[in-house]
Amino acid sequence: MLGFFRRTPRPDTSAGAARDRLQILLAHERSGRTSPEVLPLIQRDILEVIKKHMRISDDSVDITVEPGDDFSTLEINIELPGTSGARRGIPN
Amino acid sequence: MSKIIVVTSGKGGVGKTTSTAAIGAGLAMRGKSTCVIDFDVGLRNLDMIMGCERRVVFDFINVIQGEARLNQALIKDRRLENLSILPASQTRDKDALTKEGVEKVLNELREQFDYIVCDSPAGIERGAQLAMHFADEAIVVTNPEVSSVRDSDRVLGLLSSKTHRAETGQDPIKPHLLLTRYDTARVAKGEMMPLEDVLEILAIPLLGIVPESPAVLRASNVGTPVVLEGKSPAASAYEDAVSRLMGEQIEMRVQRPERPGLLSRLMRREA
């Protein structure tokens, strides 16, 4: 309970601002330490799994990490071949 | 079993060399045979802080390259008989420091010393990485200031990934936080991050809190490790840190004002 109150940001002091800035920055820097190496591997694995069941091209999986203040979002976009061009909004 | 301890920080000017000298001397005062090594090739300063700059004949690089025997390069401290200094080269190129050479010298030092304290250069380049490479424990010297804390975090990442223990799958290097230049008055005014914040961010065990103290400059002026310069808050803080390094449970002695609780903060806001 006390820990909860202690964590409340204290932007009213410069020391509180220092802590808040560090916590946000280091969360990003620490995740950055692993993600550049891991992302291509995840991308390759996802592609392999989908290829077992569907015919998709090698460049149809796109992975990005969107950093946020409290958490980061791993965004995976997989482009599947449509049954018809019209459904994907592509004019015939 | 001897221990290799690296004193590191990433950022320069936070007190690595001061801390190496103080902790090395502190260990020797406690009866441990200790060697302090300067890894800062080209910018050596541990010899100055230890007050033996005019006694340097051979150095670390000479030993690595086989131009001198280890015992010719080791300088015996004149105040403490079980303390020795291995100075860095002032003239050689940094590339003269090789991983194989460092390992060979450290193994030889392990045979005669209980503690080998490696003073890392600033930065995270070759010299700093070699200083930490064969370490068993690490003292991460940090000031309560944003750039120092950030760099310490980076160094902690390197300790757990780019060192011999990490690469060979042994137990990880044991990290210790040494918070230096701590000013309780400024912390009370909200101008400096309190210990708790730095501890929460870096999340490693605390070895000691060295207060901002005029004794540190006085000691460096005369080339005496701060623990030998007489009674001072900084000297006591280093003595406590040495005890903890040796595994003793010592209460943290730097007094700090209580952080304002929720109630007092609310009252201040209303006032």
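The backbone N, Cα and C atoms fix where each Cβ goes, glycine too.
Copied from TrEMBL, the annotated features are:
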DOMAIN    B:2-149  domain 'AAA'
BINDING   B:Lys11, B:Gly12, B:Gly13, B:Val14, B:Gly15, B:Lys16, B:Thr17, B:Thr18  ATP binding site
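A map of TrEMBL features onto the structure.
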residue : record           : CB count, 10 Å
B:Lys11 : ATP binding site : 20
B:Gly12 : ATP binding site : 13
B:Gly13 : ATP binding site : 11
B:Val14 : ATP binding site : 25
B:Gly15 : ATP binding site : 22
B:Lys16 : ATP binding site : 31
B:Thr17 : ATP binding site : 26
B:Thr18 : ATP binding site : 26
Give the residue counts of the domain 'AAA' (B:2-149) per reduced DSSP state, in the order helix, strand, coil.
60 helix, 28 strand, 60 coil
Excluding B:Lys11, B:Gly12, B:Gly13, B:Val14, B:Gly15, B:Lys16, B:Thr17, B:Thr18, which residues of the same chain place their Cβ within 8 Å of the centroid of the Cβ atoms of the recorded ATP site?
B:Ser9, B:Ser19, B:Ala122, B:Val141, B:Thr180
